[in-house]
C-alpha cells in the first residue's frame, strides 16, 4: 500500500515539434501586407481601405509616402501617361566606391530607372508634362540623370507649349556625384527660367520630405506652389539650424502648414483633392499655352 502511495505519476508527453505543429494549424493566418499601422496616430489600417483613400489615414489624415507609379495612377486620365527618357543611364563620374553596385541593386529592388519619372499625360483631358520624384530611389537624391531628365522634360514642354508639374521629394543632392550633382540646381533653374519667358505655367507640388538642393532650387520656383499636408520642407535639418543659431525653433518648423502661414507656399492640398485642384489650375491658365 505504501509502495503504491509514493509511486511516480505517469504523464502524457507531447514533443515540442507537435506543439508547434498544433499552434501553426490552429492559429489564424493573416496575409502579409493586409494591415498597416499609421506612423502618426498608431491606428491599424486595412490596406485596401488605405489605397481607396489615396494612401492617407482615414482617422488622422496622415499622408503615407507614395512612389511615382502610385502618383501616376491617382493623377492622370487612364492610359494617357507616356514616360520619357527612361533609358538615360546613371554613370559614376567620380569612380565613387560601390556606387555602381548600389545603383544596380536599387534599380532591381524598385523597378525604377532613376529617382525621377518624367513624361506627358492628360488630367481631365488636358495635356501636361510631369516630373515625379520617388523617395524609394536613393531617397529621391538629385544626381546628374535626375537633373538631365527634368531639364529635357521642361524643354519638351516649351516645344509642345504645355504646362509643367513637378512633384518633389528629396533628401538633397547626391553626394556620390559631387559637384556634378550640385550643378543640376542651376541647370534645372535655368530651364525653368526659359519656360517662364515663354509664358508657360509651372506648378510645383511639395511632398514629404523635400529638402536640401531641391528645395534651394526648382522646388521653390513654381508659379503656383502646392504642398501635401504635414510635409517636411526645408533646406538644412532642424537640429543643424538650432545648433547654428543657438535658438529653439517652433515645433512645426519646416512643416507645410508653417510654410503656408508664412507665405512660402500657396495652398495645402490633400492627396484626394489634388487631381481636381490641378485640373482647375490648368484650365484657368490654358489660354497661355
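Using N, Cα and C of the backbone, Cβ positions are placed for all residues, glycine too.
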- In Swiss-Prot, which of 15-37, 38-60 is labelled zinc finger? 38-60
- Measuring CB to CB from residue 60 (Zn(2+) binding site), give everything in the same chain under 8 Å that is also at least six residues away in sequence. 38, 40, 41, 43
- Averaged pLDDT, computed only over the residues in the domain 'CoA carboxyltransferase N-terminal' (34-289): 96
- Message: At 10 angstroms around each C-beta, which of the binding-site residues 41, 57 has the fewest other C-beta atoms nearby?
- Response: 41
